[in-house]
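Features from Swiss-Prot:
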| type | residues | note |
| --- | --- | --- |
| MOD_RES | Ala2 | N-acetylalanine |
| TOPO_DOM | 2-43 | topological domain 'Cytoplasmic' |
| TOPO_DOM | 65-94 | topological domain 'Extracellular' |
| TOPO_DOM | 116-134 | topological domain 'Cytoplasmic' |
| TOPO_DOM | 156-180 | topological domain 'Extracellular' |
| TOPO_DOM | 202-213 | topological domain 'Cytoplasmic' |
| TRANSMEM | 44-64 | transmembrane segment |
| TRANSMEM | 95-115 | transmembrane segment |
| TRANSMEM | 135-155 | transmembrane segment |
| TRANSMEM | 181-201 | transmembrane segment |
Amino acid sequence: MANESTTIEIGESSTMTKRTSHVVVDEKKKGFVAATAGGGYKRGLAIFDFLLRLAAIVTTITASSVMYTAEETLPFFTQFLQFQAGYDDFATFQFFVISIAMVASYLVLSLPFSIVSIIRPLAAAPRLILLISDTVVVTLTTAAAAAAAAIVYLAHNGNPNTNWLPICQQFGDFCQAVSSAVVAASIAVVFFIILIVISAISLKALILYFSSG
């Protein structure tokens, strides 16, 4: 009886060991599958983030360069006066050119962080840095675009209450150029909003993944 009891105990121990090993293997497989699926989802968001940053770079460079080159001289002039309009005649447009150029430079510098997010989709630090930085930069972009839009509106419509006459009837090409620059900057603002949403979604997914793991 003692031998039979010993034999039964060994059998139960072996069975429990096998079950435990199967459970550990299954848990590892589940963890690997979850990490692979989560990483693929976040890598897709990171790739979209990178492409969107490239588009924003093109948009901001276009906005800044178009505003910088906006200039028009009327074909008629007097002996002492020449009618000319340029971006440097308006402090707001100068602020626009400098600010949007800084935004374009930031976007170029942010590309390595976006690439790191593609290579390591489960890394939270690059995504957090991009989220904070994008939030700050979108404020600057919005301020520059809004200020320039106000001047463009006055250039097109004037202000009868202050006797400010519209100048776009005379400087049509100049107004068209600055209006295009403002539109491009506004598109860049939309890009930044999408980038911020992408970073927020990625961080939320990372928090849920690590908390559940």
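Cβ atoms are placed via backbone N, Cα and C, with glycine included.
Relative to the rest of the structure, where do these features sit?
The average pLDDT the prediction assigns to the topological domain 'Extracellular' (65-94) is 80.
In terms of DSSP helix, strand and coil, the topological domain 'Cytoplasmic' (116-134) has 14 helix, 0 strand, 5 coil.
Through the fold, the topological domain 'Extracellular' (156-180) approaches residues 66-67, 69-72, 74, 83, 85-87, 93, 148 of its own chain, all at least 6 residues removed from its boundaries and within a Cβ separation under 8 Å.
Within its own chain, the transmembrane segment (95-115) has Cβ neighbours under 8 Å at 46, 49-50, 53-54, 56-57, 60-61, 63-64, 67-68, 87, 126, 129-130, 133-134, 137, 140-141, 143-145, 147-148, 181-182, 185, 188, counting only residues six or more beyond its boundaries.
Outside the transmembrane segment (181-201), and at least 6 residues removed from its termini, the chain residues within Cβ reach (under 8 Å) are 45, 48-49, 52-53, 55-56, 59-60, 62-64, 66-67, 70, 96, 100, 103, 127-128, 130-131, 134-135, 137-138, 141-142, 144-145, 148-149, 152.
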Cβ under 8 Å, sequence separation of at least 6 from the ends of the topological domain 'Cytoplasmic' (116-134): give me the contacting residues as numbers and ranges.
35, 38-43, 45-47, 49-50, 106, 110, 192, 195-196, 199-200, 202-203, 206, 209
So how many of the residues in the topological domain 'Extracellular' (156-180) end up helix, strand or coil by DSSP?
14 helix, 2 strand, 9 coil
